Structure formats: C-alpha cells, structure tokens
C-alpha cells in the first residue's frame, strides 16, 4: 500500500489529531515527520477520554499501530519521557513507539537561547512557543546539531556538546547577559534521560520502506499547518520546519512516489495562535463566539487562539502547494446557531481584487477580505452521521467550501468525539 499524508491546511490547530485517530484503525504505521513539542493534538476517544499529545503521534492511542517519530522531528528528551509516562499511567501501551536515529535532540541551550531571543526582540518577536524548536533546527542546518543516535556514543556526544557550547555560551553571556551552561552537566543530563528511550532508537526509514513493500499502510502526520511552513507560510511568522506535504517525504525517508493521498485538515472557520497576518480575524462578538464555542485555546501553549471566518483564499493555496486530494472539515458544529455564515472568497489589496494569496507579507497585511454570506442553521448537528442528516443550509455551506477549496470535503467533523464524523468518501480506498 502507498503512504498517506495528513496536513493542516490553515495555521495549525485544525483538528489533525481527530483525523489521525479516525484513520488509525485502518493503518499499520503512523509517522510524525516534522516539528517538535511546539504543537499539540487533541484526541477524544469514544469513552470520552481526552488526550493531549505534543510529540508522540496520535496513532499511539490505537492498539496494534506502530508509531514513529521521524528524522524530521526535533525531540526534547524530557518532554518525550514525560509524555510516555503520562500515557502509560492511563493504561496506554507505548511499546510500539520507535524513534528515528537521525531525529535531532533538543538541548537545554536551545530552550535558553529561544527564550532570551524572544525577550530581546520585544515587540518585534515572532511569537514562538519558547521551547527551543527554532534554535534546534538552526543547529541542524548549520551541521552542529545533536542527533538521537549520538546518545549511543558518549565520547562523541561530549565532543559535540562541548563544541556547540563554545559558541553558544559566548552568545548567552556576552550578548544576553545570562549564565554559561556547563557542557558536562548538559551531557550527563541527556545521557540519564536516554536510558528511558535508547531501546526505541531505530533505522526508521528502513522500517517504513520495508512496511510499504509488505503492503502495509503508512500515515504521515504533520504538525502545525500550511501557512506556518517555513517556505510556503506567512514568513517570518512561521515555524522552523516544513509541515506541507513535501516535508513528509524528507522528514520520514519515504520517497515521494510512494505517496498517493494527501488529506488536508480544514477548520470550518479560521484560527491562528501568535503573531502574524490574519485577514479574516474578528474582533467583535462573532470572534468571541467562535473562541468560546470552539474552545479555542492552544493545546501546547495555553494561549487563546485568534478567530476569524473561513478563508477560501488560503484553502485554495493549501490545495495547490500540498497537492491535496481530499479534505477533512472539522468543527462544523461550532457554526450552528449563527444567522449568517460569511466566507472570505477573495481579498482587496490597494483597491484591486484578487482571489489568490498575495505574494508579499506587506500585501497580506493590507488585504481586506471580500465576503460571500450564506444563511446559517440553528439545528444541533452533533448527532449527524450521514451528509443527508445535516440541515440543507449546512450542506450548502460544506458544498460551497468544497467548490472554493478545490478538493472534496471527504470527511466532516460534527463534534470532538471519534464517532462524531461524517464520512462522505472512503479516503483509504483511494490509496
């Protein structure tokens, strides 16, 4: 079987965990291919149990699935161990989790530099989570990073950490007036943590390709979203990796020709956490309604999410840059009881209408949304399990989004639970 990529089509927080959980029973492998513990997935099981995952793939909650933290991920050892312990305390079997030997380790100095840099930037800060993700990726690209496999060779690990801190301590002390970190203490701490995950280190790319050759199905799970991609997002207000579909191949070691289905996750409205442009952002009672009804608080940061109407411009953009074949529309139920539901179908920039994503950030900031208003519905749709169960006006809304986004809305979420999903098309049958 080929591989399936699952990506966020907005600014993250679209409900990717729900989608992964739904598909988990039909796949044998779930792979996290980029990012770190700067994003969160929320999964609600049929029994009502709620799980918030930050680093471990959502497939960990499905028995029999092998979960992989791929080479494109940056791994905070402490967060990994804490998350594993939390799952095990709740009776979840974590024995099926493996860790790519080539994933990079997030070190204490990455967190320290991230925090002081944001503080130093003040009003010009990017709005990072302060968890060291960006500095860790910087080291990876600069070829001075620490890989997971380095914990298997203490002498080599010490040499690498000493070399890294020769420069980083200069930055911390002379630029930011902070205390220097002791390289041996850093190494000792990491080696102690490694005792809890060394047995999980594996040649993940080999195992994944062998699984595909055996006819098994691999689900590649991205974190964040398309508009946070370092290349294709609203730069510089982006993450430090590639959540887009192209990053799935690089971050897992699976060749692009193995991937035949790209499932985009779209919220029925739009949210964003942190700084950056957001053309449809609402500052009125409608924004407050979406935030309250949708429970729009970041899983990882605890920060309130900015809320706005659905933006078809960024949906079309996401379809294009990811090659999206299907969409999973989430939180449609949140829109119930609104008299009208506006959809942004284009922008006006400097007096000119455009239906495409502006080329520059300054243009995005100046973009005024052009809205098309659809009539709302008042019915409770949380019990709908077939598309025909939805009120006619809710159906019209979904079909209009499908037309504007340029790919079918194959699944529709009408509540947080795994079972609160309408499946219009079998995504796996396309693979």
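Including glycine, each Cβ sits where the backbone N, Cα and C put it.
For 13, the entry in Swiss-Prot reads active site, proton acceptor. Other Cβ atoms within 10 Å of the Cβ of residue 13 (active site, proton acceptor), summed over all protein chains shown, number 27.
Annotation comment: Swiss-Prot describes 41 as active site, proton donor, evidence class sequence analysis. According to its DSSP assignment, residue 41 (active site, proton donor) is in a strand.
Secondary structure at residue 13 (active site, proton acceptor), taken from DSSP and collapsed to helix, strand or coil, is coil. If you look up Swiss-Prot, you'll see 12-18, 40-42, 305, 331-333, 413-415 marked as GTP binding site.
Look at Swiss-Prot and you will find 13, 40 tagged as Mg(2+) binding site, backed by sequence analysis.
Reduced to three states, the DSSP call for residue 303 (IMP binding site) is coil. Residues or ranges marked as IMP binding site by Swiss-Prot on the basis of sequence analysis: 13, 14, 15, 16, 38, 39, 40, 41, 129, 143, 224, 239, 303.
The number of other CB atoms found within 10 A of the CB of residue 302 (substrate binding site), across every protein chain shown, is 8. Look at Swiss-Prot and you will find 299, 300, 301, 302, 303, 304, 305 tagged as substrate binding site, backed by sequence analysis.
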Inset, instruction - Could you work out which of the binding-site residues (38, 42, 129, 224) has its C-beta surrounded by the smallest number of other C-beta atoms within 10 A? - result: 42
Inset, instruction - According to DSSP, folded down to helix, strand and coil, what is residue 18 (GTP binding site)? - result: helix
Legend entry - residue 332 (GTP binding site) - helix vs strand vs coil (DSSP): helix
Inset, instruction - Going by Cα-Cα distance, pick out whichever of the recorded positions 15, 41, 42, 302 is nearest to residue 129 (IMP binding site). - result: 302
